[in-house]
Amino acid sequence: LQTRLQAGQGYGNTLNCVLTVYRNESVAGFFKGMSFPLASIAVYSSVVFGVFSNTQRLLSQLRHGDPSRTPVLADVALASVVAGFVSVGIGTPVDLVKIRLQMQTQPYVKANVKLKPAVPGFPVYRGPIHCFRTVLQKEGIAGVYRGVGAMLLRDVPGYCLYFIPYTFFCGWITPDGCISPNPSSIWLAGGVAGAISWGTATPMDVVKSRLQADGVYLNKYKGTLDCILQSYQNEGLKVFFRGITVNAVRGFPMSSAMFLGYELSLKAMKRDQTETNP
C-alpha cells in the first residue's frame with residue numbers, strides 16, 4: 001500500500017488503494033515483493049542494531065573509559081547517524097527490488113515498451129533474483145543503488161528520530177530503581193519511536209519510492225532533486241505526505257516487535273555470559 005500510494009497513480013486515499021489492489025490483483029497483490037525483504041530482514045536488522053549498540057559502547061569507552069556506562073544524548077545521536085549510513089548500504093538494493101516488483105502492475109504491451117517476449121500479461125520481472133540480475137545487467141551498480149541519496153536523507157535523520165525517542169521514552173516510563181525497562185515499557189517506547197520515525201520520514205520516503213519505481217517501464221526522473229521538483233510541480237506539497245498514515249500505523253507494531261526482540265536478546269546473552277563467567 002505504501003509504495004502504491006507514494007509512487008503509483010490514481011489510488012487516492014488508503015481505502016481506495018486497498019480496494020483497487022484487491023479488485024485488480026486479489027489478496028496476492030498485497031504480498032508482492034515480500035520474499036526478498038523477508039529473506040534479508042534478519043541480517044539487515046541485526047547489522048543496524050549491532051552497529052548502533054557497538055557505536056554507543058565505543059563512544060562510552062572513549063568518553064568515560066567504561067563501555068557499559070549509560071550513553072549521553074550526543075552519543076545516542078551519533079550512533080544513530082552511523083547506523084543510518086550503514087542501513088542505506090544494505091537496504092537500498094533490497095528496497096529497489098521490493099518496489100520494482102510491487103510496481104510492475106502492467107504488462108509490457110500496456111507500458112508501450114518493446115521488450116521480448118512482448119506477451120500480454122508478461123511481467124517485467126519474474127521474481128526478486130531475476131529483478132536484481134536484470135537491473136544489475138542493464139543499469140550496473142548505479143542502478144542497484146538508485147535512490148541512495150533520497151534514502152540517506154530518509155534514514156540518517158530517520159534513525160535519529162528512531163533511537164533517540166526510544167531511549168527517552170524508555171527512561172521516562174521505567175520506574176525509578178529499576179536497572180532495565182520491563183517488556184511492556186520496551187514495547188510501548190519502541191512503538192512510539194517507530195510511529196514518530198516513519199511519520200517524519202514520509203516526505204523522503206515518497207521521493208525514494210518514486211526514484212526506485214522509476215525505470216520499471218520508463219525513466220522519468222534524473223535524480224533526487226529532479227524528483228522533488230517534478231513531484232511538487234505536478235501534485236503540490238501534499239504529494240510528500242502520501243502514505244503517512246500507513247507509515248505511522250505500521251511503524252508502531254513493527255518497531256515494538258523489533259525493540260522487544262533486541263532488548264530481550266541482549267538480556268539473554270548477558271545472562272549467559274554471567275553464568276559462564278561468574
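Backbone N, Cα and C define each Cβ position, glycine as well.
On a predicted model such as this, the values are computed, not experimentally measured, just so you know.
Look at TrEMBL and you will find 1-58 (among others) tagged as repeat 'Solcar'.
TrEMBL lists 34-52 (among others) with the feature transmembrane segment.
Residues annotated as repeat 'Solcar' in TrEMBL: 71-172 (among others). Each residue in the repeat 'Solcar' (71-172) has a pLDDT score, and their mean in this model is 82.
For 72-94 (among others), the entry in TrEMBL reads transmembrane segment.
The feature repeat 'Solcar' is assigned by TrEMBL to 181-268 (among others).
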Secondary structure content of the repeat 'Solcar' (181-268), with strand meaning DSSP E or B: 72 helix, 0 strand, 16 coil
